[in-house]
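A.B. asks: Sharing a structure here in structure tokens format.
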Amino acid sequence: MSGNEAVASGAYAAGVRVAAAYPGTPSTEILEELAKYGDIYCEWSPNEKVALEVAIGSCLGGARSLAAMKHVGLNVAADPWMTLPLIGVNAGFVLVVADDPGMHSSQNEQDSRYYARMAKVPLLEPADSQEAHDMVADAFALSERYDTPVMLRLETRISHSRTVVEHREERMKIDLPYERDAVKRVMIPGHARLRHPIVIERLADLEREAESFRFNRMELKSSRVGIVTSGVCYQYAREAFPEASILKLGFIYPMPEKLIREFASHFHRLFIVEGLEPYLEEGLKALGLDVVGKSRIPREGELNPTVVGESLSELIEMDTGVQGGGWSRPWHETEAGMEWQLPGRPPVMCPGCPHRGLFYALGRCKAIPASDIGCYTLSVLPPLEGIDCQVCMGASVGMALGLERAFASSGVNRAKAGSVVGVLGDSTFIHGGITGLIDMVYNRTLSTIIILDNRTTAMTGFQDHPGTGRTIMGEETRALDLEELAKAIGVDSVRVIDPWDLTETEKVIREEVGAPHTSVIISRRPCVLLERAARDYYEVDADLCNACGRCLRLGCPAIVMRGESAFVDSELCAGCSICFQLCRQEALRKVTPDG
Amino acid sequence: MADVILAGVGGQGCVLSARIAAETALSMGYDVKTSEVHGMAQRGGSVVCMVRWSEEVHSPLISSGSADFILAFELLEGLRYVEYVSREGTAIVNNYRLDPLPVLSGDEAYPEDTLENIHSVIPRMLVVEARELAVEAGNARAAGSVLLGALSSFLDFPADVWEESILCLVPGKAREVNRAAFMLGRKTSARM
């Protein structure tokens, strides 16, 4: 099973009754798997803050509860996260956070371990799917024993690696009574001052737990090389240096000081193998230990056995006298013959993607688009080059407002005022854009917001959200009406367009961006991947095509230039007709497949 | 034991093929680890999955230059990840080209001699017309199973264990097509 499936399976066995999340790679499948059991209340929350709050409520209500999110999601949820430890729990509370070193599918590679330390919350980190499964049960037990939330940290190579798991079948039954306890659960300053010392005191007890945690493991082999590591980095270290002694930690906040000192006593210095920030390294240095960490191991990007080997082999060779420290350089680094330059293959918007027409039209309108995060962010690449700036989900609304204000009050940028748009997805608008839109109306800003409503959360794999009318449990529900919402907020003009209609799309954008009022354009067309029915496709009449290249400006993977004319791959084409609308030679024609 | 790299383009089915290979090795009693690619990279981008089996596997990621096999779903991607393969390893390459966006837009050229370059560093190379064979089996999307079939001929796992994994992991109507595609792939290695 994948690490995410293992977490879900462990949570089921631990008797979790409520689980909430907002989808985000690499954490998404945790909730999808939990929802399959059918007898756990699971929800896609509008965002991670709400997900965390739902789980807080349910844990106080006596149900073991789990919230799952990706690393940047915890930024959104940081507010309740930082006060929850003061309140503590009733039934157990576990937060699962999945980091993404190397940014396979993220906008940053922040290290969530510091969120546990900052909140003074115990932090467990599994090294494979089996540990992920088993640690969930340990986390809930710790949570209830010490009246604290517990954080379980995954990363991409735990979440999306599949390793063998023996899983517990029987399900625990945890159902605790709810009793009012306002001094503990209402954090007015007077109460919080009483609670904070308790949080600090329990850290000593938690450190004792850390000392004897079953997933810490000391593997004593070489007497000259001692490595301290945790999580999947343990696997990389073990692979790169099979003869090294390793202290593999599973409980990393608070850290087991005695265990670390005992291990350290065998070596004149320690190597710390960890990805991203020097979290373990700082902890060991605070103990006064002589360690080598980020001076050798990269602080950015993803580790793997090769990077670990490359980083430490020289020093380990010095300590052991063994060539390369027992690690050998890959052949392609020492031999000639690998010097070819290859074109990159960045991810692209799919053929038929509804975002393509919208961004083509935006480009024609010379708009200055602030964006947020979704498939449409891919429009930044040539040839569309569709967005100017992007930070996090929902941010495009506030950023559009700010850009507009800066331009309006500027000498050099004055001409750009009135051309700012904020673009964001349906799911991310609900996640983090609504309050920004209220700000625009409240502070009378004349920008235009475009909601790219493709009726799903596409990038993470087509999850439902409050606008789709369906829950993660597959139930029909009331769908959020974006038009009515925008009107209720007080937006002056709300228009709906079909981005497959280029002429209308461009016309509406020009009208609304130029108009002296706050406007919302809803660009509505379901994600082309949602239905895989047989579709019309287009083909090029090579005699009519003059190879002008206009259709290539769409960046559609289905269109290539072959010799003297364009060619449409009928298997890839989704029949959106945008190339047809662009072609001045009328060289494209629609084909309707039989049946 | 074996370390296998599957390299291709998002949407070609690398993830599913990796799972089928992993399931098969698991059925044979090995410890198995895989690493997959999800999320943004799947949108037509370069995709690499890894499958490892042995008595005991540590890292889910394969060390550079040490893989026993690469299944290249596409020529350029095969060349891109060939450095993961051991010089004594085997390259199983789908003779199929998919132009990436920088090539489509005319900004960069598709390398002409991908097969020759792969062969120049990995002498054991099997070129498979996986797409054509998949069409023969009933669907071009089953090319991954053709490549798995070719891989299977280098391993000593019984064909029925592979078929079991395919039937278990491939959804619905595509099962039989993928099984047929697998068998066609299994026969191709004779041409090496």
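Just so it is clear, glycine is given a Cβ too, placed from its N, Cα and C backbone atoms.
Below, the features straight out of TrEMBL:
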BINDING   A:C545, A:C548, A:C551, A:C583  [4Fe-4S] cluster 1 binding site
BINDING   A:C556, A:C573, A:C576, A:C579  [4Fe-4S] cluster 2 binding site
DOMAIN    A:536-564  domain '4Fe-4S ferredoxin-type'
DOMAIN    A:565-594  domain '4Fe-4S ferredoxin-type'
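Quick one: where do these features end up spatially?
C.D. replies: Secondary structure at A:C583 ([4Fe-4S] cluster 1 binding site), taken from DSSP and collapsed to helix, strand or coil, is coil.
Residue environment of A:C573 ([4Fe-4S] cluster 2 binding site) contains 22 other Cβ atoms, counted within 10 Å of its Cβ in all protein chains.
Confidence across the domain '4Fe-4S ferredoxin-type' (A:536-564), taken as the mean pLDDT and rounded to a whole number, stands at 92.
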A.B. asks: Across all chains shown, how many C-beta atoms besides its own are within 10 angstroms of the C-beta of A:C576 ([4Fe-4S] cluster 2 binding site)?
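C.D. replies: The Cβ of A:C576 ([4Fe-4S] cluster 2 binding site) has 26 Cβ neighbours within 10 Å.
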A.B. asks: Restricting to the same chain and to residues at least six past its boundaries, which positions have a Cβ under 8 Å from a Cβ of the domain '4Fe-4S ferredoxin-type' (A:565-594)?
C.D. replies: 350-354, 356-357, 360, 500, 502-503, 528, 534-542, 544-554, 556-559
A.B. asks: Within the domain '4Fe-4S ferredoxin-type' (A:536-564), count helix residues (DSSP H, G, I), strand residues (E, B) and coil residues, in that order.
C.D. replies: 4 helix, 8 strand, 17 coil
A.B. asks: Give the distance between the Cα atoms of A:C548 ([4Fe-4S] cluster 1 binding site) and A:C579 ([4Fe-4S] cluster 2 binding site), rounded to the nearest whole Å.
C.D. replies: 12
A.B. asks: With A:C551 ([4Fe-4S] cluster 1 binding site) as the reference Cα, tell me which of the binding-site residues A:C573, A:C576, A:C579 is the closest one.
C.D. replies: A:C579
A.B. asks: By Cβ count within 10 Å, point out the most packed of the binding-site residues listed: A:C545, A:C548, A:C556, A:C579, A:C583.
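C.D. replies: Counting every other Cβ within 10 Å of each candidate, the maximum falls on A:C556.
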A.B. asks: Roughly how many angstrom lie between the C-alpha atoms of A:C556 ([4Fe-4S] cluster 2 binding site) and A:C545 ([4Fe-4S] cluster 1 binding site)?
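C.D. replies: One finds 17 Å between the Cα atoms of these residues.
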